[in-house]
Amino acid sequence: MAKTAAKPAAKPDTVWGRFIDWLDERYPMTETWEYHLSKYYAPKNFNFWYYFGSLAILVLVIQLLTGIFLTMHYKPDVNLAFASVEYIMRDVDWGWLIRYMHSTGASMFFVVVYLHMFRGFLYGSYRGPRELLWIIGVVIFIALMAEAFMGYLLPWGNMSYWGAQVIISLFDAIPWVGPPLAEWIRGDFVVSDATLNRFFALHVIAVPLVLVALVFVHIVALHQVGSNNPDGVEIKKKKDANGIPLDGIPFHPYYTVKDIVGATVFLMVFAAIMFFAPELGGWFLEHDNFVPANILQTPTEIKPLWYFTPFYSILRATTHDLVVYGLTPLVFAMAALTVYSVRGTLARLATLALAAVLLIGFFTLDAKVWGVVLMGLSLVFFFFLPWLDRSPVKSIRYRGGMYKTALAVFVVAFVVLGWLGTQPASGAKVVLAQVGTVIYFLFFLLMPWYTTFDKTKPVPERVTWK
């Protein structure tokens, strides 16, 4: 806020103007409005991909509001939870609408966030000076996954119960700390009433507070460094005599109007799903979750909802064969490539030591442990993107064929992994998931090399329209 040195203009001598002046003397309302909207200059070449940030905020508001109304009638008790959801759907006035808004919003939240993150890959939004902005965004993504996972248990349907049982049990595979950690998460030796109450408190109070705080920090960080654009050009470098970016326009009213149009179209799609296909063939609401939790009867195929399936597929694909015939050669190859590329004896020795530790671990720890490790690493690698990408340009418009090919293959692998995570684990599908897992990690591991040697085009000094 300190950067806005200019004092807000005096208001008209009207009742409204005097009221705003009275507020400004006690709270920097006008200054905040100008700093973040009317005098916040954004690049004037935003395109379709720049809708999804504001749409994510819209869905967050929908989830918070509908969640408040659902909490008024939901009972966090294993004997009452499922019945309370049915009560909301059948007896509460407009309860079915609120519940479908919340369930549809959960999936649409991930649709919007995945597309928002994909834009970062397209235009290098994780590159400097936006490294911290990207890291905060990844933390939001992980917090959102935690929020969705804990909310998934609350209906106390059969798939919810067994899904939580299986996922939490994965922590048991971690040596030494795993069993007590899993017991701490559950609050019991199995998923029970203690787990339901614990997840309810976290889903309704703790994680939403964290999400709102993170979103606030994310926006503040964005306005500190400025928005990226499809050209990857820093508009702050070219300013007029008044210090206004030559290629910038005020966010309000130009982009607020544009975002309203995008939100209108989005809400039409949202409403169409909510009213005509709230289950979306089992993708948004699973059929097994319309049956109360039964500790004696497992679903035919235990699987998470679609937005978790790429990472779940990586977990299932990590078998003994993948460790021996996939990960072991990969460690040898990456160690040789790194030793050949880096300078300095210390860096080479560190690489060899890490490779040795991994190889020893491959043959001493169970494959299930490495499945949990790989699933965790599949998220951790996002944090290191700003430093893995060595390209001299940001935007895909000016990158060469190597990065474009790598990104295309990565997206296909991610989508295929997501689909495989919804399917039974059979022979050919397991092999395909293992191939997809290797491709997923190679995208990150090889990034320092293919972004270094990729041919790039000259970047214009100012933004363009394409």
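Keep in mind that glycine also has a Cβ here, set from the backbone N, Cα and C atoms.
Annotated features, as they stand in TrEMBL:
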type     : residues   : note
BINDING  : H102, H203 : heme b b562 binding site
BINDING  : H116, H218 : heme b b566 binding site
BINDING  : H223       : ubiquinone binding site
DOMAIN   : 19-231     : domain 'Cytochrome b/b6 N-terminal region profile'
DOMAIN   : 241-461    : domain 'Cytochrome b/b6 C-terminal region profile'
TRANSMEM : 48-70      : transmembrane segment
TRANSMEM : 106-126    : transmembrane segment
TRANSMEM : 132-154    : transmembrane segment
TRANSMEM : 199-222    : transmembrane segment
TRANSMEM : 260-277    : transmembrane segment
TRANSMEM : 322-339    : transmembrane segment
TRANSMEM : 346-363    : transmembrane segment
TRANSMEM : 369-388    : transmembrane segment
TRANSMEM : 400-419    : transmembrane segment
TRANSMEM : 431-450    : transmembrane segment
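Known features from TrEMBL, placed on the structure.
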residue	record	Cβ neighbours (10 Å)
H102	heme b b562 binding site	20
H116	heme b b566 binding site	21
H203	heme b b562 binding site	22
H218	heme b b566 binding site	21
H223	ubiquinone binding site	17
Can we call the transmembrane segment (199-222) and the transmembrane segment (431-450) in contact, meaning three or more C-beta pairs below 8 angstroms at a sequence separation of 6+?
-> no
Which residues of the same chain, at least 6 past either end of the transmembrane segment (106-126), have a Cβ under 8 Å from a Cβ in it?
-> 49-50, 52-53, 55-56, 59-60, 63, 133-134, 137, 141, 144, 148, 151, 228-230, 232, 266, 270, 273, 280, 283-284, 305-307, 385-386, 389, 391, 393-396, 407, 411
Taking the Cα atoms as reference points, how far is H203 (heme b b562 binding site) from H218 (heme b b566 binding site) in Å?
-> 21
Fill in the CA-CA distance, H116 (heme b b566 binding site) to H223 (ubiquinone binding site), as an integer in Å.
-> 17
Integer Å distance between the CA atoms belonging to H102 (heme b b562 binding site) and H218 (heme b b566 binding site) = 24
Near the transmembrane segment (48-70), which residues from the same chain, at least 6 beyond its ends, have a CB less than 8 A from one of its CBs?
-> 88, 98-99, 101-102, 105-106, 108-109, 112-113, 115-116, 118-119, 122-123, 204, 208, 211-212, 215, 227, 230, 258-259, 262-263, 266
Distance between H102 (heme b b562 binding site) and H223 (ubiquinone binding site) at the Cα atoms, whole Å?
-> 30
